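Below is one structure, written out as structure tokens; comments come after it.
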């Protein structure tokens with residue numbers, strides 16, 4: 001049968017440290033043993049099998065420098081007479097500095113309007129504390145992850161970032177740029193095409209969008225002889241518009 005030898009149910013190690021797991025196999029000669037992690041066969045890792053006697057073998061699984069991806073449940077497995085035998089399961093927990101699951105994102109905001117920034121990180125070990133920075137100064141109060149930062153408003157572009165702290169150390173997030181929205185610039189290269197007796201099309205290139213996606217434009221039709229102005233608002237893109245049923249001298 002396969003059985004664990006001196007293996008704790010839970011093993012906690014620090015990131016970057018070596019780890020060696022072992023498994024004892026008794027009652028069979030030269031068994032074919034597989035190491036399993038979370039239900040999948042472990043591939044490409046240092047594995048050694050040492051005989052104690054003809055029917056007693058010990059297998060070792062060596063992890064030279066563990067990281068978070070090595071965390072999980074491990075066991076060894078053999079198949080004999082069509083039946084699978086498993087060793088005691090070991091839960092390997094790799095601890096290190098926090099790992100970000102959510103980092104601050106770039107955004108554009110209206111001057112003086114409130115907005116939010118999000119930051120989240122995980123251990124182990126827990127808890128993870130989030131510290132916010134605006135520019136090169138701390139901002140707000142430390143918060144347990146996940147953290148939502150409420151900003152009452154800004155009047156000039158600035159940058160935000162967050163730090164995640166646990167007892168192993170700290171990690172720094174990406175820097176998010178928060179820009180100020182502005183009024184969009186006028187359209188460029190306005191051209192009237194496909195002119196017929198009472199129809200036309202107008203096309204243009206959008207100007208600077210003021211750091212906010214353009215969603216609508218306005219076209220005005222002016223009939224000179226009747227001093228009449230017709231205003232139409234429509235969605236963009238595309239940046240073209242058909243103008244049907246035009247009056248003379250529009």
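Numbering starts at 1 and runs along the chain as it is shown here.
Heads up, the Cβ atoms here are built off N, Cα and C, so glycines get one too.
Feature annotation from TrEMBL assigns domain 'Ig-like' to 1-87 (among others).
The annotation domain 'Ig-like' is assigned in TrEMBL to 98-179 (among others). Averaged across the domain 'Ig-like' (98-179), pLDDT in this predicted model comes to 97.
Broken down by DSSP into helix, strand and coil, the domain 'Fibronectin type-III' (186-250) contains 0 helix, 32 strand, 33 coil. Look at TrEMBL and you will find 186-250 tagged as domain 'Fibronectin type-III'.
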